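Undergrad: The structure is given below, and queries will be raised subsequently.
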Amino acid sequence: MQGIWTTERIRAAEDRLLAVTPDGELMRRAAFGLSVHAAEMLAEHTGSVSGRRVTLLVGSGNNGGDALWAGAFLRRRNVAVSAILVKPERAHGPGLAALKRSGGKVVSLEDGPQWISRADLVIDGIVGISARGPLRPDAAALLEYVGSPVLAVDLPSGVDPDTGAVDGPAVVADRTVTFGALKPVHALAPASCGEIALVDIGLRPELGEPDLRRLDTADVAAAWPVPGPDDDKYSQGVVGVAAGSATYPGAAVLAAGAAVRATSGLVRYAGHAADVVRGHWPEVIATGSVTDAGRVQAWVVGPGIGTGHEGRDVLRFVLGRGVPVCADADATTIIARSPDVLDARDPDTPLVLTPHAGEFERLMGSPPGADRVAAARSAARKYDAVVLLKGHCTVVAAPDGRALVNTPRGSWLATAGSGDVLSGLVGALLAAGLDPWLAAGAGAHVHSLAGALAAGGAPTSASGILGAVPDALRSVRSLTS
Ligand SMILES: NC(=O)C1=CN([C@@H]2O[C@H](COP(=O)(O)OP(=O)(O)OC[C@H]3O[C@@H](n4cnc5c(N)ncnc54)[C@H](O)[C@@H]3O)[C@@H](O)[C@H]2O)[C@@H](O)CC1
Ligand SMILES: [K+]
């Protein structure tokens with residue numbers, strides 16, 4: 001698992017490390033790593049390093065200091081470096097001196113545009129982890145002239161370091177080089193960060209337990225159930241799907257299909273779309289009602305069941321079975337409107353809620369806001385459930401405070417029925433006995449990978465995502481075997 005630390009924790013760790021490190025050493029480590037990435041980007045985009053032009057955007061803090069030092073290192077490779085100081089009187093002193101000594105040029109804010117537009121690479125050292133809010137107008141105005149690739153120092157300036165929120169002018173980077181550890185922005189704002197590189201400055205021993213995590217492919221491969229020689233269809237976990245209606249059978253077909261494709265355990269279906277589900281998935285044991293569905297090890301409930309009496313009764317019934325439940329779509333709306341349905345739940349049985357922003361607002365009374373990790377954590381505490389908050393980046397929080405982010409590959413998952421596929425995957429993992437937080441995280445990981453494979457650079461559909469689940473699982477497993 002990749003660890004991610006909030007800026008408060010990073011700063012505290014940096015302070016401890018600074019106290020035992022010679023003055024300026026950490027910044028030089030960071031800046032040297034940065035200069036290596038800058039040279040690599042120049043070589044990639046122009047075919048050479050020597051003689052190329054790099055322009056630094058330099059703010060008033062240590063982030064600007066990193067950029068200035070990196071500029072001095074690039075001079076050694078005969079790169080023409082110009083630095084635009086956003087606040088000349090507050091630029092990092094030693095970094096500025098180093099750049100000047102190396103033969104780098106300092107240009108005024110007024111002359112900045114021509115140096116930016118002529119650059120082969122722009123390095124964004126405007127602000128780092130101490131910044132809050134979008135870029136101020138003088139820095140923001142410079143961005144209009146950028147035509148080259150952009151390398152962000154630590155994080156793209158203007159993006160909130162702890163939430164990834166973008167509320168105004170902000171840098172969009174091709175690559176972000178960060179130091180010591182990943183910060184939340186790197187997981188939550190992939191479109192702003194571009195490719196992410198981590199430069200080791202010796203911070204890890206000072207960091208302690210991460211605040212947030214991201215699953216590696218290896219974690220997903222290790223968690224995903226694989227049948228052994230002694231397994232049969234029951235031993236791998238039977239999942240029940242209560243979804244869809246006679247008018248809207250699609251949700252049932254998608255959720256049941258995802259459960260079929262996720263594991264080799266048995267899938268039962270209960271609801272008004274039994275005939276349609278059977279037609280699509282002959283391996284599913286389909287009945288008309290949850291009351292005669294038979295025993296399962298987990299339920300997926302909600303997609304397309306409606307929010308009326310019948311949906312409520314179905315939800316209450318499955319919550320009372322003493323097995324883990326993944327409550328999605330209409331089920332979250334029912335819970336928001338009639339929280340008493342949760343009385344049917346044995347508090348010890350896991351519940352996974354999978355709201356999108358609108359359903360979250362219904363559940364919590366207010367929208368998730370900029371800090372989606374905090375939002376998911378508070379919903380998890382309130383409902384004593386694992387909360388999978390859907391969005392471009394999916395956040396999964398457990399009632400004990402554990403949280404993970406799934407950073408997608410592109411935005412192709414935002415398509416009708418995509419959530420039904422996700423709930424089927426999560427339900428199958430719950431039935432296999434996975435920890436519900438891990439089940440939700442691993443489900444989200446494979447779902448987004450299947451989405452990317454299905455899309456391949458063009459729009460896809462929920463059926464396409466479902467069809468790509470086996471390829472996604474194969475690729476997860478092949479990367480680790
Ligand atoms: N502390 C350390 O040991 C290390 C720090 N490093 C660098 O230091 C950075 C943090 O440096 P600082 O704490 O000095 O602060 P920053 O460089 O993040 O910048 C804070 C400064 O920017 C201004 N500012 C805040 N919000 C702004 C906005 N929206 N628009 C424009 N200006 C704004 C503030 O007035 C403040 O002076 C890290 O991101 C990293 O790049 C690295 O050199 C590694 C070592
Ligand atoms: K920056």
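From the backbone N, Cα and C atoms, a Cβ is placed for every residue, glycine too.
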Undergrad: So TrEMBL lists K390, G391, H392, C393, T394 for AMP; which of G365, G417, G419 goes with them?
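TA: Given K390, G391, H392, C393, T394 bind AMP in TrEMBL, the matching entry from G365, G417, G419 is G419.
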Undergrad: Looking at TrEMBL, which one out of D120, D124, D138, D174 binds K(+) in the same site as N63, S157?
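TA: Given N63, S157 bind K(+) in TrEMBL, the matching entry from D120, D124, D138, D174 is D124.
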Undergrad: Which has the fewest other CB atoms in a 10 Å radius around its CB: N62, N63, S157, T394, the listed binding-site residues?
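TA: Fewest other Cβ atoms within 10 Å, among the binding-site residues N62, N63, S157, T394, is found for N62.
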Undergrad: Around G419 (AMP binding site), which of the listed binding-site residues (N62, D154, H356) come within 10 Å, judging by Cα atoms?
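TA: The binding-site residues passing the 10 Å Cα test are H356.
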Undergrad: Identify which of the following binding-site residues, namely N62, N63, R132, place a Cβ less than 6 Å away from any atom of ligand 2, and list them by sequence position.
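TA: Among the binding-site residues listed, those whose Cβ sits under 6 Å from ligand 2 are N63.
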Undergrad: Identify, among the binding-site residues D124, D154, the residue whose Cβ has the fewest other Cβ atoms within 10 Å in this structure.
TA: D154
Undergrad: Per residue, counting other C-beta atoms within 10 angstroms of the C-beta, which of the binding-site residues R132, H356, K390, H392 reaches the highest number?
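TA: Result for the most crowded candidate: K390.
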Undergrad: Taking only the residues in the domain 'YjeF C-terminal' (216-476), give me the average pLDDT of this model.
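TA: Here the predicted model's pLDDT, averaged over the domain 'YjeF C-terminal' (216-476), is 96.
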Undergrad: How many other Cβ atoms sit within 10 Å of the Cβ of I129 ((6S)-NADPHX binding site)?
TA: 21
Undergrad: Take the C-alpha atoms of D124 (K(+) binding site) and D154 ((6S)-NADPHX binding site) and report the distance between them in angstrom, rounded.
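TA: Rounded to the nearest whole number, the Cα-Cα distance is 9 Å.
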